[in-house]
Ligand code: FPP
């Protein structure tokens, strides 16, 4: 059971799902087996976020840089995404989950794009949970795409350069209408951001666990949420304990 007051829960949870390969290697299994179990964990996380009342979940499934992996692994991951969309779209829809894919969709195969479009279309009216799947995603690339759109608007005379500010840039990101992540979980124990949501995580709380993604479950999610609930977020200000003189 989750004993965290609603106002202490993250509205937006982001996850870097790392460690599938190492999980498999430790068991003498092919890396693909780690990704297969990883996919089951993605299903589980969606359901848990829904149960807990988290409004937005964003998971990092494939980065713009992951194309550098061996072709066999890339092909396996792409077919896993296709299978996931096929098998999961109806279930997401029945649960009231809206699926979105963020990233450079034009770099994905026509077949995967077709399935993404169908799943997004099917679930687009759902509001219980917005589930962003980051595919062919890069944080730097997202900022470049936003800047390019803004530059085109300036060129057409729809915007003047002095109207460009933090909010305007934010409104041109893939996540334009969503709150920034409150909590970022990274599994697999590495202390880096790996080009994920770079603009949006300026004040996001970080929680890193050595647990590999295929071993990550409900208990660990609750542990992360409980720690998040205890954190004092200051957003560059002083925060209530300093302002009131309390320690
Ligand atoms: C990182 O582990 C994981 C990935 C690059 C792929 C993420 C994919 C999944 C969790 C499975 C499918 C997901 C969906 C949404 C259907 P790694 O391979 O870099 O692990 P390592 O650091 O141990 O090598």
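Even glycines carry a Cβ here, placed using N, Cα and C.
Going by TrEMBL, these are the annotated features:
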- 18: active site (ACT_SITE)
- 66: active site, proton acceptor (ACT_SITE)
- 18, 205: Mg(2+) binding site (BINDING)
- 19, 20, 21, 22, 23, 31, 35, 67, 69, 186, 192, 193, 194: substrate binding site (BINDING)
Helix, strand or coil at residue 19 (substrate binding site) [DSSP, three-state]: coil
Those recorded positions in 18, 19, 21, 192, 194 whose CB falls under 6 A of ligand 1, listed in sequence order: 18, 19, 21
Lowest local Cβ density among 19, 21, which the record lists as binding-site residues, within 10 Å: 21
Long-range Cβ environment of the residue listed as 'active site, proton acceptor', under 8 Å and at least 6 residues apart: 74, 77
Least buried by Cβ count (within 10 Å) of the recorded positions 18, 205: 205
Cβ neighbours of residue 35 (substrate binding site) where a neighbour is any other Cβ within 10 Å: 21
Between residue 23 (substrate binding site) and residue 205 (Mg(2+) binding site), the C-alpha gap once rounded to whole angstrom: 26
Chain-internal residues, separated by at least six, CB under 8 A from residue 69 (substrate binding site): none
Residue 192 (substrate binding site), number of other Cβ atoms within 10 Å: 10
